[in-house]
Structures are given as structure tokens and as C-alpha cells.
């Protein structure tokens with residue numbers, strides 16, 4: 001019985017515990033359902049190239065990050081859900097996918113934009129839709145800063161450029177060769193590095209670009225060129241795919257041995273993964289690289305462990321978590337935190353604003369956005385040893401180096417670096433053939449049409465090629481600071497320099513550069529690299545100097561001469577009318593009065609009028625006219641002075657011929673301009689032809705580039721003058737093969753020659769040109785139209801004076817005119833009064849006397 005009771009109690013206790021567990025489970029399930037009903041879904045788009053290793057890593061990283069985040073924050077009311085789209089590595093498809101996510105899924109943010117073009121397209125879309133666009137590891141570009149809704153997660157290219165430059169300066173290397181990937185992303189991100197090199201005295205000796213499709217033979221050929229130039233320090237800025245071909249080729253050419261330095265940028269190092277084969281790793285022995293620093297932490301170790309456990313067998317290649325994956329993890333955390341904040345009561349900020357304010361300790365370290373950029377400015381310096389990476393130091397924020405992460409030092413102390421070839425001794429970084437003169441194969445133009453510019457001939461005795469002229473002197477002065485032995489090769493295929501540019505481009509094994517009267521054009525620049533121009537830019541016109549004995553008539557046009565003469569006479573007439581009644585100097589016989597009128601009017605030209613004016617009205621007329629004369633004489637003097645020093649060219653499209661250099665594309669372009677299109681042209685072949693055609697008037701003037709015309713002026717300084725026109729050409733430059741290391745150096749030397757006046761001295765020596773022979777066609781005759789306002793003022797003033805004079809006359813005789821006289825008598829009386837005002841004494845004028853007598857008889 002007792003045993004039964006015990007069993008009954010045990011059963012009841014078990015049932016009670018079971019009932020309590022069921023009730024708790026039910027309550028928990030009910031609460032979960034309630035909570036689940038309150039959770040808000042925040043949709044985020046993910047646009048990736050799922051066919052790439054990077055795309056797969058980012059996808060898994062974001063998914064795992066969100067799962068882990070909500071596992072440790074189960075009480076959050078929001079849930080970020082991801083909508084995935086595959087861009088297949090196509091920027092336009094990525095844009096289309098982003099638009100689809102916005103329309104169909106209503107996403108509130110999009111993660112993508114792994115290339116520069118994708119980032120720009122998504123940035124534009126973000127501006128239109130006002131939705132945050134998050135770009136992972138897109139290259140640094142100032143062009144992206146204008147997008148206010150674009151967030152970038154990448155390394156700080158400015159800090160990296162300073163670090164690499166400081167690293168090169170620490171070892172006292174003064175020149176490097178840039179080996180880069182010829183793609184927009186890599187070219188754009190390389191520009192900042194090149195700028196820092198120039199600012200800090202690191203000379204870029206050469207640039208060599210490769211693409212993913214570059215063959216092994218092409219890679220070997222370009223590396224061989226670098227080796228021939230004696231390059232020992234290489235800065236590599238390209239993707240992992242190209243690196244797997246580059247370093248084995250470099251090793252076969254002996255460029256991975258003692259004395260060589262290979263430096264990898266952070267973008268290159270960050271793209272490396274564990275799937276590089278052992279052969280490539282062995283070839284990279286001794287390479288030094290900059291890599292974005294990810295601090296080791298418990299969280300990173302745990303995430304890496306979960307990462308590896310979650311990978312399916314078919315994705316075994318994703319074993320190693322990349323830096324992009326770590327940044328994607330932290331971005332997902334930031335999105336989840338920001339999504340929770342914006343759903344809180346009394347919060348009015350947007351998702352973009354909350355993301356930019358979010359700060360936490362993530363897998364990449366201290367996560368904080370600065371100006372919408374997650375800029376990782378912490379770098380570790382890696383030394384490739386065998387198949388492993390060995391950290392030899394850190395790049396500090398001040399640009400110095402240390403062998404410990406938290407040690408701020410200005411002494412640039414690093415761990416021992418094992419360089420290519422296995423040596424621990426720092427390479428000198430000097431050219432392998434600095435002690436030997438390098439040979440430069442130069443094509444020289446040999447048409448000899450303008451010997452002062454370029455003259456090529458063979459010595460009949462020694463059979464030696466003799467090269468002279470202004471162009472070759474500038475070239476020799478520009479290349480003299482560099483240790484080159486120059487071999488001149490005449491270009492015998494005429495004056496078509498487009499073909500010369502193509503020959504230089506296509507026959508790289510034969511020629512390195514070209515020198516001569518070669519104009520810089522956009523078409524030629526597609527095949528070769530040009531230096532800075534060493535001549536004046538633009539076209540000019542040369543004509544025979546005019547020696548006219550009537551040059552003093554040219555400042556004013558005929559209509560202005562006639563109008564001015566008319567107003568001189570009119571001034572004298574009006575003053576005579578006003579002064580004649582009271583001023584004896586304006587009285588006398590008709591010939592005397594006509595002489596006074598003409599004398600007074602024209603004497604105002606030189607302010608020589610001596611007649612004393614008694615009437616204020618005449619003084620007003622003279623004052624206005626003297627003001628006008630002052631303007632006319634000043635303008636005439638200035639224009640005449642200009643015309644005496646500046647010659648002018650008159651175009652007559654119906655009669656004139658214009659000369660130009662035969663076969664010159666530049667001259668042909670000039671002849672199609674609006675002012676010269678209708679004129680007839682004549683091709684000439686040399687400076688002597690130019691002079692002869694101008695002197696015998698076969699052509700009225702010659703149009704060509706300024707250097708050619710300066711030769712003509714130098715040979716005939718007393719016969720011709722030149723008018724410089726618009727700078728429609730780019731001047732002469734030296735041509736080099738694309739990417740040739742001497743181009744920036746020679747351009748720098750040309751700039752020095754110009755600023756030091758040495759280039760000007762060379763021009764004077766070869767062209768004998770002086771400033772009076774070069775003028776601007778700016779002195780045009782003054783037209784009546786330009787002075788129409790002045791003459792309107794004068795005309796109105798004169799009309800006003802005449803009106804006042806008439807009113808005064810009428811006022812004095814008004815009673816007589818209106819007193820019992822009909823209209824005909826009034827007019828007759830007014831005529832008599834006017835005659836008397838001209839001839840005050842009737843005895844002096846019988847006509848006037850008769851008129852007075854007739855008037856008196858009529859009144860009686």
C-alpha cells in the first residue's frame with residue numbers, strides 16, 4: 001500500500017512537471033508568435049558576381065553575419081533580409097539588377113559596386129532613388145565623391161601611396177617601374193600613387209600594362225624591355241589572375257634574383273587568395289607587399305571557424321576568408337544596427353544617416369565611417385617567404401614604419417626582409433647598366449624642306465650621317481642629362497608623319513623615338529607618346545610688307561573722312577550764323593565770310609581758331625565740337641601709330657592665292673576655315689619656295705605653323721611680316737614608343753629649357769627672329785558706325801543751337817511780323833531781317849538796300 005502511494009505521488013509529480021513544461025512551452029510559443037508579428041522586415045539588395053571567388057565570399061559573409069547578429073540580438077524588433085541578384089560581372093546588368101530590386105523588392109539599401117563603373121552607376125541610381133548604395137572594395141576615385149548616397153568600404157589609397165613612397169625613400173631608391181593592369185579600376189587607383197611619386201622625387205622610369213588576355217609571350221617581351229632598360233625596382237598593381245603569369249615569367253628572365261625589388265600594392269595583396277599554385281608562390285620569393293591590416297581577435301577566430309564549418313564540399317575554395325569578406329561582415333552588422341535604430345520611436349533619421357553614425361568593434365577593427373567611407377588606413381608589410389606570408393612591420397598613420405603594431409616610431413624600424421634571391425641585404429635599387437651607356441634608336445625626318453628646323457645629310461667622305469637643325473639641338477639638350485648613346489636613323493618615306501608614328505608603334509624592335517618637325521596630333525597620340533611641345537603653338541600668316549605713301553589716310557574709312565569734313569564745315573557755318581550780327585570778325589564781303597567759315601571750322605582740328613566769340617550759343621557749339629575733335633584725333637593718332645608698326649593682311653577671295661606646305665594636314669585644316677575657304681591655294685615645298693612665291697606675287701600670303709614661318713622670317717627679315725592667328729595646333733614634339741620611360745623626363749627637361757630662356761636662345765640662333773617681324777593683325781581702320789553715337793550728339797547739339805537762334809530772331813521782331821501783315825508780307829519781312837543780320841550795313845550790299853526800301857514802301 002505504501003509502495004502504491006509512493007508510485008501515485010511520483011506519477012502525480014511527473015504529470016505536474018509535464019503540465020508545467022507544456023504550459024511554459026505554450027506560453028513561450030505564444031510570446032514568440034506575438035513578437036514575430038511585431039518584427040519589421042528591412043529588405044537589402046545584394047548585387048554580386050556569383051561566378052567569382054570574391055562574389056561567393058561576400059554572399060556567404062553577409063548571410064552568416066546577419067544570422068549571427070540576430071542570434072545574439074534576439075530581442076531586436078527588426079530583421080534585415082537579403083535579396084540576391086547575380087550581375088555576372090557586367091556593370092549594366094548590375095545596374096539593371098539594382099533597378100529590379102528597387103521596383104520589385106522595395107529594398108532600402110543595396111550592397112554591390114565592386115568595380116569603378118559599377119560604383120558610378122549605382123551611385124547615380126542612389127542619387128535618383130535616395131537609397132544607400134554600399135560599394136565593397138571599389139577603387140579609390142575622386143569622381144565617386146559627388147555621390148551623397150554612396151558608401152565605400154575600401155582601403156585608404158592616400159595612406160597607402162604615402163606608405164609605399166616612404167618605403168622607397170627609406171631604402172634610397174630614386175626610380176621605379178610601374179607594372180599595372182590595363183583596366184579602368186587599376187589605372188584609376190594607380191594615379192594617386194604616381195602623383196605621390198612625383199611629389200617626393202621618385203622617378204617613374206617606365207610603365208608597363210597587362211590585361212587578363214595578355215599572352216605569355218607578350219608578358220615576356222615587355223618584361224624583357226624593362227630588363228634591357230636596367231630596371232631593378234618594380235611596383236606591381238594588378239590582380240591575382242595576372243600575377244600568376246607575371247612572376248613565373250619574371251623568374252625565367254632572371255628578374256627575381258639578387259638586386260631586384262618587387263613591391264605589391266594593397267589592392268594587389270588584398271586580392272590574393274590561397275588558391276595560388278605553389279609554382280607562383282615560389283616565383284614570388286622575396287616580394288614585399290602592403291596589405292590592409294585586420295587585427296587578430298577572438299571574434300575573428302570564431303567567425304573563421306564557423307565559416308569553414310558552414311562551407312559545403314563544392315565550395316572548398318572559399319576556405320580562407322578574404323578582406324572583402326571581413327568588410328562585408330562589418331557592413332552587414334552596421335546595416336542591422338542602423339535598421340533597428342530607425343524603427344525606434346521618436347527617431348526621424350534615415351537609414352543612410354544611421355549607418356554613417358554607427359560605430360562598433362567589428363572583425364576589421366574599429367568600424368567607423370568617415371565622409372561615407374570605411375577607409376582602412378592600417379597596413380601591414382608582408383614579405384613572401386616560400387609559400388607563406390611573413391609580417392615584417394606596420395605602416396603608421398604618420399607614414400613611418402615599425403615592427404610592432406602599437407609602437408609609434410619615426411625610425412622606420414622593420415623586421416629583416418628577405419629579398420628576391422634570398423639575400424637579407426637591401427638592394428641598391430640602381431640600374432644594372434648605369435655604368436654602360438644605353439642605346440637610343442631615333443628616327444629623324446630627312447625631307448630637308450626646312451633645313452633650319454631639320455637637316456639630314458650624309459658625309460660623302462666618311463659616309464657618316466650628319467643631323468643638324470633647331471629640332472635636333474633641342475633634342476640633344478633634353479636628353480643630355482641621361483646616359484644614352486643615340487643612333488640616328490633617317491626616315492626616308494616622305495613627309496607623311498602619320499606613317500612615321502605608325503612605324504614607331506609597330507616596329508618597337510627597331511625604333512625607340514622620332515625627332516623632327518613633327519606636330520602633336522590626337523591621331524598620332526593613339527600610337528605613340530609625345531613629349532611637351534618645344535615650339536610655339538598655333539598657325540601664322542606671312543605676307544610681304546607694304547610700303548604705301550598714303551598710309552596716313554588708312555586709320556579712317558572713307559565715309560568717316562567725308563562725315564568729319566562735313567561737320568568741320570557745318571561747325572563754321574553755325575558759328576558764323578550766330579556771331580555774324582554782332583561780331584565784326586565774321587563780317588565782310590562774301591569771299592571774306594566764306595573764308596572765315598572754312599578757316600574757323602577746320603582750325604578747330606588743331607585748336608588754332610583765334611576769333612573771339614561773343615555769343616554763348618556759339619561757345620556752346622564750339623565746346624561740343626572741340627570735344628568731338630579731341631576724340632577723333634586721339635583715335636586717329638592711336639590707329640595710325642598701330643598701322644605704322646603693325647602690318648595688315650587684306651583678304652580678297654576672288655583674286656588672291658594662299659600658299660601652304662604641300663602635303664601638310666595642318667595647313668589643309670587651316671584652309672578650310674571660314675575666312676580662307678573660298679580662296680585658291682597653292683602648295684609649296686620649302687622656305688625658299690615661300691619667299692619666291694611671295695616676292696613675285698604668285699601668292700598673296702602663306703599659311704603654316706609658326707616654326708616654319710619663323711624660318712622664312714629669319715631668312716628674309718626685311719621683306720616679310722607675320723601675323724599670328726589662333727593657337728589651333730599643338731606645336732612640335734618628340735615621339736616615343738608608348739610607355740617609354742624617357743617621355744616624362746624629356747618633357748621635364750624641355751620645361752627647364754623654356755624657363756631658363758635657353759630654348760629662346762636656340763630659336764634666335766636658328767631663326768634670327770625678332771619681335772618686330774611677328775605682329776598681331778589687330779589694327780583695323782575706324783569706321784563711321786563705331787562713332788555714330790558721337791555724331792548723333794553733335795548733330796542734336798547743332799540743331800538745338802540753330803533752333804535757339806531762330807527763336808531769338810523771331811522774339812526780337814515778333815511785333816513787327818504780326819502787326820497788320822499778311823502771310824506773304826511776314827515771310828518777306830523775315831527775309832529782310834535775316835539779310836540785315838548777315839549784312840548789318842546796307843551800303844555793303846545793294847540787294848539788301850533794295851529790300852529795305854521795298855519794305856518801307858509797303859508799310860506806307
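First residue shown is number 1, and so on along the chain.
Cβ from N, Cα, C; glycine included.
Annotated features, as they stand in Swiss-Prot:
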- 302: N-linked glycosylation site (CARBOHYD)
- 346: N-linked glycosylation site (CARBOHYD)
- 398: N-linked glycosylation site (CARBOHYD)
- 493: N-linked glycosylation site (CARBOHYD)
- 523: N-linked glycosylation site (CARBOHYD)
- 696: N-linked glycosylation site (CARBOHYD)
- 745: N-linked glycosylation site (CARBOHYD)
- 1-27: signal peptide (SIGNAL)
- 28-557: topological domain 'Extracellular' (TOPO_DOM)
- 579-587: topological domain 'Cytoplasmic' (TOPO_DOM)
- 609-619: topological domain 'Cytoplasmic' (TOPO_DOM)
- 641-789: topological domain 'Extracellular' (TOPO_DOM)
- 811-860: topological domain 'Cytoplasmic' (TOPO_DOM)
- 558-578: transmembrane segment (TRANSMEM)
- 588-608: transmembrane segment (TRANSMEM)
- 620-640: transmembrane segment (TRANSMEM)
- 790-810: transmembrane segment (TRANSMEM)
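Positions of the features from Swiss-Prot, shown on the structure.
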residue: 302; record: N-linked glycosylation site; Cβ contacts under 8 Å, 6 or more apart: none
residue: 346; record: N-linked glycosylation site; Cβ contacts under 8 Å, 6 or more apart: none
residue: 493; record: N-linked glycosylation site; Cβ contacts under 8 Å, 6 or more apart: 499, 500, 503
residue: 523; record: N-linked glycosylation site; Cβ contacts under 8 Å, 6 or more apart: 498, 501
residue: 696; record: N-linked glycosylation site; Cβ contacts under 8 Å, 6 or more apart: none
residue: 745; record: N-linked glycosylation site; Cβ contacts under 8 Å, 6 or more apart: 203, 481, 482
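In the predicted model, residues of the topological domain 'Cytoplasmic' (811-860) average a pLDDT of 53.
The list of residues near the transmembrane segment (558-578) in space but at least 6 beyond its ends in sequence, with Cβ under 8 angstroms from a Cβ of it, reads 586, 593, 596-602, 604-605, 613, 615, 617-618, 621-622, 625, 628, 632, 782-784, 787, 791, 794, 798, 801-802, 805.
Beyond the ends of the transmembrane segment (620-640), by six or more residues, the same chain brings 551-552, 554-556, 564, 567, 571, 574-575, 578, 604-605, 607, 609, 613, 779, 781-782, 787, 790-791, 793-794, 797-798, 801 to within a C-beta distance below 8 angstroms of the stretch.
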